[in-house]
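A quick write-up on the structure given underneath.
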Amino acid sequence: MELFSLSSLLLLSTLFVFYIFKFVFKRRNQRNCYMLHYECYKGMEERKLDTETCAKVVQRNKNLGLEEYRFLLRTMASSGIGEETYGPRNVLEGREDSPTLLDAHSEMDEIMFDTLDKLFHKTKGSISPSDIDILVVNVSLFAPSPSLTSRVINRYKMREDIKSYNLSGLGCSASVISIDIVQRMFETRENALALVVSTETMGPHWYCGKDRSMMLSNCLFRAGGSSVLLTNAARFKNQALMKLVTVVRAHVGSDDEAYSCCIQMEDRDGHPGFLLTKYLKKAAARALTKNLQVLLPRVLPVKELIRYAIVRALKRRTSAKREPASSGIGLNLKTGLQHFCIHPGGRAIIEGVGKSLGLTEFDIEPARMALHRFGNTSSGGLWYVLGYMEAKNRLKKGEKILMMSMGAGFESNNCVWEVLKDLDDKNVWEDSVDRYPELSRIPNPFVEKYDWINDDTMSFVRVD
């Protein structure tokens, strides 16, 4: 009898341990987030904003005087944006001062459905729209009813039990926020498939006034977007491009200057637009610092963290100037990260992040080239940078990529991906990647063609 009781107890204990291990293993698998595929939007030839087209758009704004023209053309010439970015249809048609709801819907449909059609075509035979369990769409400045997620669900006839999330007002860093939401959803759903669609409406929000701080958005932002397919299903692991390592979000919106440095508003004449203040760079640096203070200890080797701590301690003892721990000065990020996917928000942002983190020209090249070829495409911009890395055959199995995004709020949302196999898809860069980085070194046509506007002897001229 005692032997039977002992055997029963041993059996129960074994079963208990087995189910504990099974539960832990299952939870660990559910927390996995694999990237199966991503697609970026590339517009048609007639949608390109070259020198001539940009000049015509500027000249149509009758609110501008000579000084405003000078400011705009100087900004365009120094923006780091090339001749082949894409603009919204209503602006190219000369209707930027009278956009319609149809313009906004048409712009969204073109970008969302183009990227999703290509994505489903690539996964045809293994994944269909009816297999999608989670859908997240992030567009900051356009929140219609029915929602954009409903528009996608209707177009692709997705299941009735799909979990959909429509995000607005989150700026250029919204794509990483969407990935964070998906990862958290994966913890409660087994063998799930998720779509993240990231884009922005440019046409209805083109600024037609003369406030210099609000003109900047016209010079930087362009039409673009992306769709990303994610899963936590182990059966897709061998097909996956990358695996999510970690996500960190930082929000410094409690500071008034950080909150208002990038904000939608009307100017004194009632023209709506997006205000970018001189505090933007400082807010970005602060948010990025807060973020990296949490993220870097998760991905850098202990040996490098100990070395850095010792160096900082010695500096303190010798009364050396104290450097911020997360700035990258003295901390070798290459010990745990091989690639740096910086949000292509503007030349100053890219170069500022690169300098503060001690990155090389090679490291920031993908962001600079994405800005030159496609412009600032808001939350979708990171995926053009990633696409450049892949098209250049830079991404090898086992390497890690740090994605850094910043946006209104002010927020810094970063994530790290591990490459699961060598990647070489030419994607949206197929027709231009071989011309880069050389193409970006060609002098901006604005400088040569409109240099006369900087001549002070021409100040008496009236431009209309």
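The backbone N, Cα and C atoms fix where each Cβ goes, glycine too.
Listed features, source Swiss-Prot:
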- 3-25: transmembrane segment (TRANSMEM)
- 24-318: domain 'FAE' (DOMAIN)
- C172: active site (ACT_SITE)
- H251: active site (ACT_SITE)
- H339: active site (ACT_SITE)
- H343: active site (ACT_SITE)
- H372: active site (ACT_SITE)
- N376: active site (ACT_SITE)
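On the structure: features taken from Swiss-Prot.
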residue : record      : CB count, 10 Å
C172    : active site : 28
H251    : active site : 16
H339    : active site : 21
H343    : active site : 31
H372    : active site : 25
N376    : active site : 26
From C172, H251, H339, H343: active-site residues whose CA lies within 10 A of N376 (active site):
C172, H343
Does DSSP put N376 (active site) in a helix, in a strand, or in coil?
strand
Cα-Cα separation of C172 (active site) and H343 (active site), in Å?
8
Out of H339, H343, H372, the active-site residues in the record, which is closest to H251 (active site) when you go by Cα distance?
H343
Can you give the mean pLDDT for the domain 'FAE' (24-318), rounded to a whole number?
92
Rounded inter-Cα distance in Å - H372 (active site), H339 (active site):
19
